[in-house]
Amino acid sequence: MLTGVIAGAVFTSPAVGSILAAIRAVAQAGTVGTLLIVKNYTGDRLNFGLAREQARAEGIPVEMVVIGDDSAFTVLKKAGRRGLCGTVLIHKVAGALAEAGVGLEEITNRVSAVAKAMGTLGVSLSSCSIPGSRPTFELSPDEVELGLGIHGEAGVRRVKMASANEIVTLMLDHMTASANVSRVPVQSGSSVVLMVNNLGGLSFLELGIIADAAVRTLEGRGVKIARALVGTFMSALEMPGISLTLLLVDEPLLKLIDAETTASAWPNVAKVSVTGRKRSRAAPAEPLEAPVSPVAGGLTSKRVMLVLERVCTTLLGLEEHLNALDRASGDGDCGTTHSRAARAIQGWLKEGPPPASPAQLLSKLSLLLLEKMGGSSGALYGLFLTAAAQPLKAKTDLPAWCAAMDAGLEAMQKYGKAAPGDRTMLDSLWAAGQELQAWKSPGANLFQVLTKAVQSAEAAAEATKNMEAGAGRASYISSARLDQPDPGAVAAAAVLRAILEALQGQGV
(Lines of atoms letter the chains of each structure in order from A and count residues from 1; the text may use other names and numbers.)
(Lines give C-alpha, C1' and ligand atoms only; values in the text may rest on other atoms or scores of the structure.)
Protein backbone atom coordinates (compact mmCIF):
# COMPACT_ATOMS: atom_id res chain seq x y z
CA MET A 1 0.00 0.00 0.00
CA LEU A 2 1.85 3.15 1.12
CA THR A 3 5.63 3.44 1.16
CA GLY A 4 5.61 6.43 3.49
CA VAL A 5 3.27 8.51 5.60
CA ILE A 6 3.63 12.02 7.04
CA ALA A 7 1.89 12.90 10.30
CA GLY A 8 0.95 16.37 11.46
CA ALA A 9 -0.54 17.51 14.75
CA VAL A 10 -4.03 16.24 15.58
CA PHE A 11 -6.43 17.28 12.78
CA THR A 12 -3.72 19.46 11.23
CA SER A 13 -1.96 19.14 7.89
CA PRO A 14 1.72 18.16 8.17
CA ALA A 15 4.33 20.81 7.53
CA VAL A 16 5.84 21.27 4.06
CA GLY A 17 9.29 20.41 5.39
CA SER A 18 8.09 17.07 6.75
CA ILE A 19 6.38 16.18 3.47
CA LEU A 20 9.46 17.11 1.46
CA ALA A 21 11.66 15.03 3.77
CA ALA A 22 9.44 11.98 3.12
CA ILE A 23 9.56 12.51 -0.65
CA ARG A 24 13.36 12.77 -0.56
CA ALA A 25 13.63 9.62 1.60
CA VAL A 26 11.52 7.62 -0.83
CA ALA A 27 13.47 8.97 -3.83
CA GLN A 28 16.81 8.08 -2.19
CA ALA A 29 15.54 4.51 -1.75
CA GLY A 30 15.65 4.14 -5.52
CA THR A 31 12.05 4.66 -6.65
CA VAL A 32 11.31 5.89 -10.16
CA GLY A 33 8.72 8.35 -8.93
CA THR A 34 6.40 9.31 -6.08
CA LEU A 35 2.61 9.63 -5.98
CA LEU A 36 1.14 11.82 -3.22
CA ILE A 37 -2.37 10.70 -2.23
CA VAL A 38 -4.00 13.67 -0.53
CA LYS A 39 -7.43 14.03 1.05
CA ASN A 40 -9.32 17.11 -0.14
CA TYR A 41 -8.81 19.66 2.62
CA THR A 42 -7.37 23.13 2.05
CA GLY A 43 -4.34 22.74 4.35
CA ASP A 44 -3.45 19.38 2.83
CA ARG A 45 -3.75 20.62 -0.75
CA LEU A 46 -1.58 23.65 0.01
CA ASN A 47 1.17 21.92 1.97
CA PHE A 48 1.41 18.79 -0.19
CA GLY A 49 1.17 20.91 -3.34
CA LEU A 50 4.03 23.17 -2.24
CA ALA A 51 6.16 20.16 -1.22
CA ARG A 52 5.51 18.60 -4.62
CA GLU A 53 6.63 21.73 -6.44
CA GLN A 54 9.81 21.94 -4.40
CA ALA A 55 10.57 18.25 -4.99
CA ARG A 56 10.03 18.59 -8.73
CA ALA A 57 12.36 21.60 -8.71
CA GLU A 58 14.97 19.23 -7.27
CA GLY A 59 14.41 16.84 -10.17
CA ILE A 60 12.30 14.26 -8.29
CA PRO A 61 9.35 12.91 -10.32
CA VAL A 62 6.26 13.57 -8.18
CA GLU A 63 2.53 13.40 -9.01
CA MET A 64 -0.39 14.18 -6.74
CA VAL A 65 -4.03 13.04 -6.63
CA VAL A 66 -6.57 14.80 -4.42
CA ILE A 67 -9.33 12.47 -3.23
CA GLY A 68 -12.82 13.77 -2.48
CA ASP A 69 -15.25 10.91 -1.80
CA ASP A 70 -17.69 12.65 0.56
CA SER A 71 -21.32 12.09 -0.51
CA ALA A 72 -22.84 14.33 2.17
CA PHE A 73 -23.33 17.54 0.20
CA THR A 74 -26.20 17.50 -2.28
CA VAL A 75 -24.97 20.80 -3.76
CA LEU A 76 -21.24 21.10 -4.33
CA LYS A 77 -19.38 24.01 -2.83
CA LYS A 78 -16.22 25.61 -4.17
CA ALA A 79 -14.05 23.58 -1.77
CA GLY A 80 -15.37 20.36 -3.32
CA ARG A 81 -15.97 16.98 -1.70
CA ARG A 82 -14.00 16.14 1.44
CA GLY A 83 -11.56 13.24 1.51
CA LEU A 84 -12.85 10.45 3.75
CA CYS A 85 -12.41 6.72 4.28
CA GLY A 86 -12.60 5.89 0.57
CA THR A 87 -9.05 7.28 0.36
CA VAL A 88 -7.87 4.01 1.94
CA LEU A 89 -9.18 2.12 -1.11
CA ILE A 90 -7.13 4.48 -3.30
CA HIS A 91 -4.06 3.60 -1.21
CA LYS A 92 -4.76 -0.07 -1.91
CA VAL A 93 -5.32 0.30 -5.65
CA ALA A 94 -2.32 2.58 -6.16
CA GLY A 95 -0.09 0.27 -4.12
CA ALA A 96 -1.17 -2.79 -6.10
CA LEU A 97 -0.51 -1.00 -9.41
CA ALA A 98 2.93 0.08 -8.21
CA GLU A 99 3.79 -3.48 -7.13
CA ALA A 100 2.75 -4.64 -10.61
CA GLY A 101 5.29 -2.24 -12.17
CA VAL A 102 2.83 0.22 -13.68
CA GLY A 103 4.29 3.65 -14.48
CA LEU A 104 3.70 6.74 -12.36
CA GLU A 105 1.59 8.59 -14.92
CA GLU A 106 -0.68 5.61 -15.56
CA ILE A 107 -1.15 5.00 -11.84
CA THR A 108 -2.14 8.64 -11.41
CA ASN A 109 -4.70 8.46 -14.20
CA ARG A 110 -6.19 5.15 -13.10
CA VAL A 111 -6.65 6.05 -9.43
CA SER A 112 -8.14 9.39 -10.44
CA ALA A 113 -10.76 7.48 -12.43
CA VAL A 114 -11.41 5.06 -9.57
CA ALA A 115 -11.96 7.97 -7.16
CA LYS A 116 -14.84 9.22 -9.30
CA ALA A 117 -16.70 5.92 -8.85
CA MET A 118 -16.71 6.08 -5.07
CA GLY A 119 -18.62 7.73 -2.24
CA THR A 120 -18.56 7.84 1.57
CA LEU A 121 -21.04 9.02 4.18
CA GLY A 122 -20.58 9.19 7.96
CA VAL A 123 -22.97 9.22 10.90
CA SER A 124 -22.24 9.58 14.61
CA LEU A 125 -23.89 9.62 18.02
CA SER A 126 -21.68 12.51 19.14
CA SER A 127 -18.60 14.50 18.23
CA CYS A 128 -15.01 13.87 19.24
CA SER A 129 -12.63 15.95 21.36
CA ILE A 130 -9.13 17.09 20.53
CA PRO A 131 -7.10 16.23 23.66
CA GLY A 132 -7.57 19.03 26.15
CA SER A 133 -10.51 20.61 24.29
CA ARG A 134 -14.29 20.42 24.42
CA PRO A 135 -16.32 18.47 21.81
CA THR A 136 -16.62 20.30 18.51
CA PHE A 137 -20.43 20.08 18.55
CA GLU A 138 -23.20 18.89 20.87
CA LEU A 139 -26.07 16.49 20.16
CA SER A 140 -29.22 15.73 22.12
CA PRO A 141 -29.47 12.15 23.42
CA ASP A 142 -32.11 11.37 20.79
CA GLU A 143 -30.17 12.79 17.82
CA VAL A 144 -27.50 11.53 15.43
CA GLU A 145 -25.32 13.61 13.10
CA LEU A 146 -25.41 12.71 9.40
CA GLY A 147 -22.70 13.59 6.89
CA LEU A 148 -19.97 14.67 9.29
CA GLY A 149 -16.25 14.75 8.51
CA ILE A 150 -13.22 13.07 10.08
CA HIS A 151 -11.98 16.09 12.02
CA GLY A 152 -14.96 16.50 14.32
CA GLU A 153 -16.72 18.99 12.06
CA ALA A 154 -20.52 18.94 12.10
CA GLY A 155 -22.48 17.21 9.37
CA VAL A 156 -25.17 18.34 6.95
CA ARG A 157 -28.18 17.13 8.88
CA ARG A 158 -29.38 15.98 12.29
CA VAL A 159 -31.89 13.19 12.49
CA LYS A 160 -33.73 11.46 15.29
CA MET A 161 -32.25 8.33 16.80
CA ALA A 162 -33.44 5.23 14.99
CA SER A 163 -32.60 1.55 14.60
CA ALA A 164 -29.47 0.39 12.77
CA ASN A 165 -31.57 -0.73 9.79
CA GLU A 166 -33.28 2.66 9.55
CA ILE A 167 -30.03 4.63 9.86
CA VAL A 168 -28.31 2.49 7.22
CA THR A 169 -31.30 2.88 4.87
CA LEU A 170 -31.19 6.65 5.37
CA MET A 171 -27.44 6.72 4.63
CA LEU A 172 -27.70 4.63 1.47
CA ASP A 173 -30.69 6.64 0.24
CA HIS A 174 -28.69 9.85 0.69
CA MET A 175 -25.55 8.45 -0.97
CA THR A 176 -27.37 7.20 -4.07
CA ALA A 177 -30.14 9.81 -4.51
CA SER A 178 -30.33 11.11 -8.07
CA ALA A 179 -30.71 14.69 -6.76
CA ASN A 180 -27.40 14.45 -4.89
CA VAL A 181 -24.56 15.80 -7.07
CA SER A 182 -22.01 13.91 -4.96
CA ARG A 183 -23.88 10.63 -5.19
CA VAL A 184 -22.45 7.23 -6.02
CA PRO A 185 -24.15 5.95 -9.21
CA VAL A 186 -25.10 2.63 -7.66
CA GLN A 187 -28.19 0.90 -9.01
CA SER A 188 -29.68 -2.56 -9.31
CA GLY A 189 -27.10 -4.81 -10.96
CA SER A 190 -24.12 -2.77 -9.81
CA SER A 191 -21.13 -4.53 -8.26
CA VAL A 192 -19.53 -2.75 -5.30
CA VAL A 193 -16.92 -2.96 -2.59
CA LEU A 194 -18.55 -2.01 0.72
CA MET A 195 -16.42 -0.54 3.48
CA VAL A 196 -17.88 -0.24 6.98
CA ASN A 197 -15.53 2.01 8.92
CA ASN A 198 -15.37 2.61 12.66
CA LEU A 199 -14.92 6.33 13.32
CA GLY A 200 -13.21 5.45 16.59
CA GLY A 201 -15.60 4.70 19.43
CA LEU A 202 -17.68 1.69 18.41
CA SER A 203 -17.32 -1.98 19.35
CA PHE A 204 -16.88 -4.87 16.92
CA LEU A 205 -20.42 -5.93 17.84
CA GLU A 206 -21.87 -2.59 16.70
CA LEU A 207 -19.81 -2.65 13.50
CA GLY A 208 -21.16 -6.12 12.77
CA ILE A 209 -24.74 -4.97 13.25
CA ILE A 210 -24.21 -2.05 10.84
CA ALA A 211 -22.43 -4.28 8.31
CA ASP A 212 -25.26 -6.83 8.41
CA ALA A 213 -27.83 -4.08 7.85
CA ALA A 214 -25.83 -2.59 4.97
CA VAL A 215 -25.36 -5.95 3.24
CA ARG A 216 -29.03 -6.88 3.51
CA THR A 217 -30.23 -3.44 2.40
CA LEU A 218 -27.96 -3.30 -0.64
CA GLU A 219 -28.75 -6.86 -1.67
CA GLY A 220 -32.44 -6.06 -1.29
CA ARG A 221 -31.92 -3.36 -3.93
CA GLY A 222 -30.29 -5.77 -6.35
CA VAL A 223 -26.73 -4.56 -5.69
CA LYS A 224 -24.01 -7.21 -5.75
CA ILE A 225 -21.51 -6.85 -2.90
CA ALA A 226 -18.22 -8.13 -4.30
CA ARG A 227 -16.31 -7.53 -1.07
CA ALA A 228 -17.19 -6.21 2.40
CA LEU A 229 -14.41 -4.66 4.49
CA VAL A 230 -15.32 -4.06 8.13
CA GLY A 231 -13.01 -2.45 10.68
CA THR A 232 -11.22 0.73 11.71
CA PHE A 233 -9.66 2.23 8.58
CA MET A 234 -9.93 6.00 9.12
CA SER A 235 -10.95 7.14 12.59
CA ALA A 236 -11.70 10.49 14.20
CA LEU A 237 -10.26 9.94 17.69
CA GLU A 238 -13.02 8.57 19.97
CA MET A 239 -16.01 9.50 17.78
CA PRO A 240 -18.82 6.92 18.31
CA GLY A 241 -19.88 6.61 14.71
CA ILE A 242 -19.42 4.83 11.40
CA SER A 243 -18.96 5.65 7.76
CA LEU A 244 -20.08 3.63 4.77
CA THR A 245 -18.06 3.65 1.55
CA LEU A 246 -19.27 2.28 -1.77
CA LEU A 247 -16.86 1.72 -4.66
CA LEU A 248 -18.15 0.56 -8.04
CA VAL A 249 -15.91 -2.27 -9.25
CA ASP A 250 -15.29 -4.54 -12.20
CA GLU A 251 -13.08 -7.64 -12.26
CA PRO A 252 -9.77 -5.82 -13.07
CA LEU A 253 -10.34 -3.35 -10.22
CA LEU A 254 -11.35 -6.16 -7.87
CA LYS A 255 -8.06 -7.93 -8.55
CA LEU A 256 -6.22 -4.82 -7.36
CA ILE A 257 -8.34 -4.74 -4.19
CA ASP A 258 -7.56 -8.44 -3.65
CA ALA A 259 -3.81 -8.11 -4.34
CA GLU A 260 -1.57 -9.29 -1.54
CA THR A 261 -0.22 -6.66 0.86
CA THR A 262 1.90 -6.72 3.99
CA ALA A 263 0.02 -3.73 5.44
CA SER A 264 -0.90 -5.08 8.86
CA ALA A 265 -4.24 -3.26 9.22
CA TRP A 266 -5.63 -4.38 5.86
CA PRO A 267 -8.29 -7.07 6.53
CA ASN A 268 -7.61 -10.57 5.30
CA VAL A 269 -11.02 -11.15 3.70
CA ALA A 270 -12.00 -14.06 1.48
CA LYS A 271 -11.48 -13.31 -2.21
CA VAL A 272 -15.04 -14.30 -3.06
CA SER A 273 -18.23 -12.31 -3.45
CA VAL A 274 -20.32 -11.63 -0.34
CA THR A 275 -23.50 -11.72 -2.41
CA GLY A 276 -24.29 -15.30 -3.33
CA ARG A 277 -22.97 -16.84 -0.14
CA LYS A 278 -25.57 -18.87 1.68
CA ARG A 279 -26.40 -17.29 5.03
CA SER A 280 -28.88 -19.00 7.33
CA ARG A 281 -29.69 -19.28 10.99
CA ALA A 282 -30.50 -22.80 12.06
CA ALA A 283 -32.98 -23.27 14.88
CA PRO A 284 -31.80 -25.70 17.60
CA ALA A 285 -33.30 -29.13 17.25
CA GLU A 286 -35.76 -30.09 19.95
CA PRO A 287 -35.97 -33.63 21.31
CA LEU A 288 -39.04 -35.61 20.48
CA GLU A 289 -41.67 -35.60 23.19
CA ALA A 290 -44.46 -38.00 23.93
CA PRO A 291 -47.77 -36.81 22.47
CA VAL A 292 -50.06 -35.00 24.87
CA SER A 293 -53.55 -36.43 25.22
CA PRO A 294 -56.48 -34.24 24.10
CA VAL A 295 -57.58 -33.91 27.72
CA ALA A 296 -54.39 -31.93 28.39
CA GLY A 297 -55.95 -28.83 26.93
CA GLY A 298 -58.73 -28.80 29.53
CA LEU A 299 -59.10 -27.22 32.95
CA THR A 300 -55.67 -28.21 34.29
CA SER A 301 -53.93 -26.73 31.27
CA LYS A 302 -55.91 -23.51 31.75
CA ARG A 303 -54.74 -23.28 35.37
CA VAL A 304 -51.14 -23.78 34.26
CA MET A 305 -51.54 -20.97 31.76
CA LEU A 306 -52.87 -18.59 34.43
CA VAL A 307 -49.93 -19.39 36.72
CA LEU A 308 -47.40 -18.82 33.94
CA GLU A 309 -49.05 -15.56 32.90
CA ARG A 310 -48.83 -14.33 36.50
CA VAL A 311 -45.12 -15.23 36.62
CA CYS A 312 -44.47 -13.41 33.34
CA THR A 313 -46.30 -10.28 34.44
CA THR A 314 -44.32 -10.25 37.70
CA LEU A 315 -40.93 -10.55 35.97
CA LEU A 316 -41.75 -7.87 33.41
CA GLY A 317 -42.72 -5.51 36.19
CA LEU A 318 -39.43 -6.17 37.99
CA GLU A 319 -37.17 -5.57 34.98
CA GLU A 320 -35.75 -2.18 35.94
CA HIS A 321 -35.51 -3.04 39.66
CA LEU A 322 -33.53 -6.20 38.92
CA ASN A 323 -31.28 -4.34 36.47
CA ALA A 324 -30.59 -1.70 39.13
CA LEU A 325 -29.64 -4.38 41.67
CA ASP A 326 -27.46 -6.10 39.08
CA ARG A 327 -25.56 -2.93 38.21
CA ALA A 328 -24.09 -3.04 41.69
CA SER A 329 -23.01 -6.66 41.50
CA GLY A 330 -22.82 -7.68 37.85
CA ASP A 331 -23.34 -6.36 34.35
CA GLY A 332 -26.75 -4.75 34.90
CA ASP A 333 -28.84 -7.09 32.76
CA CYS A 334 -30.53 -9.44 35.24
CA GLY A 335 -33.93 -7.77 34.76
CA THR A 336 -33.52 -7.75 30.98
CA THR A 337 -32.63 -11.45 31.00
CA HIS A 338 -35.69 -12.38 33.07
CA SER A 339 -37.94 -10.17 30.94
CA ARG A 340 -36.63 -11.94 27.85
CA ALA A 341 -37.67 -15.23 29.45
CA ALA A 342 -41.09 -13.83 30.32
CA ARG A 343 -41.72 -12.65 26.76
CA ALA A 344 -40.62 -16.02 25.40
CA ILE A 345 -43.10 -17.80 27.67
CA GLN A 346 -45.87 -15.38 26.68
CA GLY A 347 -45.18 -16.03 23.02
CA TRP A 348 -45.22 -19.76 23.61
CA LEU A 349 -48.56 -19.58 25.43
CA LYS A 350 -50.11 -17.80 22.44
CA GLU A 351 -49.27 -20.80 20.27
CA GLY A 352 -51.62 -23.07 22.22
CA PRO A 353 -52.35 -24.57 25.64
CA PRO A 354 -49.32 -25.79 27.62
CA PRO A 355 -48.98 -29.50 28.47
CA ALA A 356 -50.99 -30.58 31.50
CA SER A 357 -48.41 -33.23 32.36
CA PRO A 358 -46.06 -31.62 34.95
CA ALA A 359 -43.03 -33.49 33.60
CA GLN A 360 -43.73 -32.41 30.04
CA LEU A 361 -44.49 -28.86 31.18
CA LEU A 362 -41.17 -28.47 33.01
CA SER A 363 -39.24 -30.09 30.15
CA LYS A 364 -40.81 -27.74 27.62
CA LEU A 365 -40.12 -24.69 29.82
CA SER A 366 -36.53 -25.88 30.22
CA LEU A 367 -36.00 -26.02 26.44
CA LEU A 368 -37.63 -22.62 26.01
CA LEU A 369 -35.48 -20.90 28.64
CA LEU A 370 -32.28 -22.56 27.45
CA GLU A 371 -32.93 -21.24 23.95
CA LYS A 372 -34.45 -17.82 24.66
CA MET A 373 -33.36 -16.59 28.10
CA GLY A 374 -29.61 -16.70 27.67
CA GLY A 375 -26.86 -16.05 30.19
CA SER A 376 -26.09 -18.07 33.29
CA SER A 377 -29.67 -17.58 34.52
CA GLY A 378 -31.06 -19.34 31.45
CA ALA A 379 -28.66 -22.24 31.89
CA LEU A 380 -29.38 -22.55 35.62
CA TYR A 381 -33.17 -22.44 35.21
CA GLY A 382 -32.84 -24.91 32.35
CA LEU A 383 -30.83 -27.29 34.52
CA PHE A 384 -33.25 -26.91 37.41
CA LEU A 385 -36.35 -27.60 35.34
CA THR A 386 -34.81 -30.49 33.40
CA ALA A 387 -33.82 -32.25 36.61
CA ALA A 388 -37.07 -31.37 38.39
CA ALA A 389 -39.12 -32.93 35.59
CA GLN A 390 -37.71 -36.40 36.16
CA PRO A 391 -39.40 -37.31 39.51
CA LEU A 392 -42.73 -36.06 38.12
CA LYS A 393 -42.83 -38.63 35.33
CA ALA A 394 -44.05 -41.35 37.70
CA LYS A 395 -46.12 -39.40 40.24
CA THR A 396 -47.45 -35.87 40.68
CA ASP A 397 -48.44 -35.85 44.36
CA LEU A 398 -46.92 -33.47 46.93
CA PRO A 399 -44.00 -35.78 47.85
CA ALA A 400 -43.16 -36.00 44.12
CA TRP A 401 -43.12 -32.17 43.86
CA CYS A 402 -40.78 -32.07 46.87
CA ALA A 403 -38.52 -34.60 45.14
CA ALA A 404 -38.62 -32.44 42.00
CA MET A 405 -37.42 -29.43 44.00
CA ASP A 406 -34.62 -31.49 45.52
CA ALA A 407 -33.54 -32.80 42.11
CA GLY A 408 -33.50 -29.29 40.62
CA LEU A 409 -31.44 -27.88 43.49
CA GLU A 410 -28.97 -30.74 43.26
CA ALA A 411 -28.45 -30.14 39.53
CA MET A 412 -27.92 -26.41 40.06
CA GLN A 413 -25.28 -27.04 42.71
CA LYS A 414 -23.55 -29.74 40.68
CA TYR A 415 -23.03 -27.66 37.54
CA GLY A 416 -23.26 -24.10 38.86
CA LYS A 417 -20.76 -24.73 41.67
CA ALA A 418 -22.78 -22.52 44.03
CA ALA A 419 -23.84 -23.47 47.54
CA PRO A 420 -26.31 -21.94 50.02
CA GLY A 421 -24.76 -18.78 51.41
CA ASP A 422 -22.85 -17.88 48.21
CA ARG A 423 -25.19 -14.96 47.46
CA THR A 424 -26.93 -16.38 44.38
CA MET A 425 -30.42 -17.33 43.23
CA LEU A 426 -29.78 -20.70 44.88
CA ASP A 427 -30.20 -19.07 48.31
CA SER A 428 -33.88 -18.31 47.69
CA LEU A 429 -34.64 -21.66 46.07
CA TRP A 430 -32.74 -23.58 48.76
CA ALA A 431 -34.69 -21.87 51.55
CA ALA A 432 -37.96 -22.71 49.82
CA GLY A 433 -36.81 -26.29 49.28
CA GLN A 434 -36.20 -26.77 52.98
CA GLU A 435 -39.78 -25.76 53.77
CA LEU A 436 -41.16 -28.00 51.04
CA GLN A 437 -39.75 -31.05 52.84
CA ALA A 438 -42.97 -30.91 54.87
CA TRP A 439 -44.83 -32.17 51.79
CA LYS A 440 -43.29 -35.57 52.39
CA SER A 441 -45.41 -35.97 55.55
CA PRO A 442 -48.89 -37.51 55.22
CA GLY A 443 -51.69 -34.97 55.33
CA ALA A 444 -49.45 -32.00 54.51
CA ASN A 445 -51.39 -28.89 53.49
CA LEU A 446 -50.46 -27.49 50.05
CA PHE A 447 -50.93 -23.80 50.80
CA GLN A 448 -49.60 -23.74 54.35
CA VAL A 449 -46.33 -25.33 53.28
CA LEU A 450 -46.05 -23.31 50.05
CA THR A 451 -46.75 -20.05 51.88
CA LYS A 452 -43.93 -20.79 54.37
CA ALA A 453 -41.65 -21.72 51.48
CA VAL A 454 -42.30 -18.41 49.71
CA GLN A 455 -41.77 -16.42 52.89
CA SER A 456 -38.48 -18.25 53.54
CA ALA A 457 -37.37 -17.59 49.96
CA GLU A 458 -38.09 -13.88 50.31
CA ALA A 459 -36.25 -13.69 53.62
CA ALA A 460 -33.29 -15.54 52.13
CA ALA A 461 -33.22 -13.15 49.15
CA GLU A 462 -33.17 -10.15 51.47
CA ALA A 463 -30.43 -11.77 53.57
CA THR A 464 -28.11 -12.01 50.54
CA LYS A 465 -27.27 -8.31 50.94
CA ASN A 466 -25.29 -9.25 54.05
CA MET A 467 -23.47 -12.16 52.39
CA GLU A 468 -20.07 -12.28 50.73
CA ALA A 469 -20.45 -13.54 47.17
CA GLY A 470 -18.93 -16.97 46.63
CA ALA A 471 -20.06 -17.58 43.05
CA GLY A 472 -21.17 -15.69 39.98
CA ARG A 473 -19.93 -12.33 38.70
CA ALA A 474 -20.51 -10.71 42.09
CA SER A 475 -17.73 -12.87 43.54
CA TYR A 476 -15.21 -10.65 41.70
CA ILE A 477 -16.47 -7.50 43.41
CA SER A 478 -15.40 -6.24 46.82
CA SER A 479 -17.94 -7.22 49.50
CA ALA A 480 -17.84 -3.64 50.76
CA ARG A 481 -19.68 -2.59 47.61
CA LEU A 482 -22.35 -5.29 47.83
CA ASP A 483 -25.03 -3.74 50.02
CA GLN A 484 -28.11 -4.73 48.01
CA PRO A 485 -29.82 -8.13 47.69
CA ASP A 486 -28.70 -10.45 44.93
CA PRO A 487 -30.94 -9.82 41.88
CA GLY A 488 -31.12 -13.51 40.94
CA ALA A 489 -32.30 -14.42 44.44
CA VAL A 490 -34.89 -11.62 44.36
CA ALA A 491 -36.16 -12.83 40.99
CA ALA A 492 -36.43 -16.46 42.13
CA ALA A 493 -38.38 -15.46 45.25
CA ALA A 494 -40.68 -13.29 43.11
CA VAL A 495 -41.39 -16.24 40.81
CA LEU A 496 -42.37 -18.40 43.79
CA ARG A 497 -44.60 -15.60 45.16
CA ALA A 498 -46.33 -15.29 41.77
CA ILE A 499 -46.97 -19.06 41.64
CA LEU A 500 -48.44 -19.04 45.16
CA GLU A 501 -50.75 -16.08 44.50
CA ALA A 502 -51.90 -17.48 41.17
CA LEU A 503 -52.80 -20.81 42.77
CA GLN A 504 -54.59 -19.09 45.65
CA GLY A 505 -56.55 -16.99 43.17
CA GLN A 506 -57.81 -20.15 41.51
CA GLY A 507 -58.70 -21.81 44.78
CA VAL A 508 -56.68 -24.91 43.93
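Cβ atoms are placed via backbone N, Cα and C, with glycine included.
Confidence over the domain 'DhaK' (1-266), given as mean pLDDT on the 0 to 100 scale, stands at 93. The feature domain 'DhaK' is assigned by TrEMBL to 1-266.
Marked as substrate binding site by TrEMBL: LYS39, ASP44. Residues within less than 8 Å, Cβ to Cβ, of LYS39 (substrate binding site) and separated from it by at least 6 positions along the same chain comprise VAL66, ILE67, GLY68, ARG82, GLY83, LEU84, THR87.
Under a cutoff of 8 A between CB atoms, and with a sequence separation of 6+ in the same chain, the neighbours of HIS151 (active site, tele-hemiaminal-histidine intermediate) are PHE11, TYR41, ALA236. As annotated by TrEMBL, active site, tele-hemiaminal-histidine intermediate applies to HIS151.
Residues or ranges marked as domain 'DhaL' by TrEMBL: 302-501.
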Within 10 Å of the Cβ of ASP44 (substrate binding site), how many other Cβ atoms can you find? Include all protein chains, please.
20
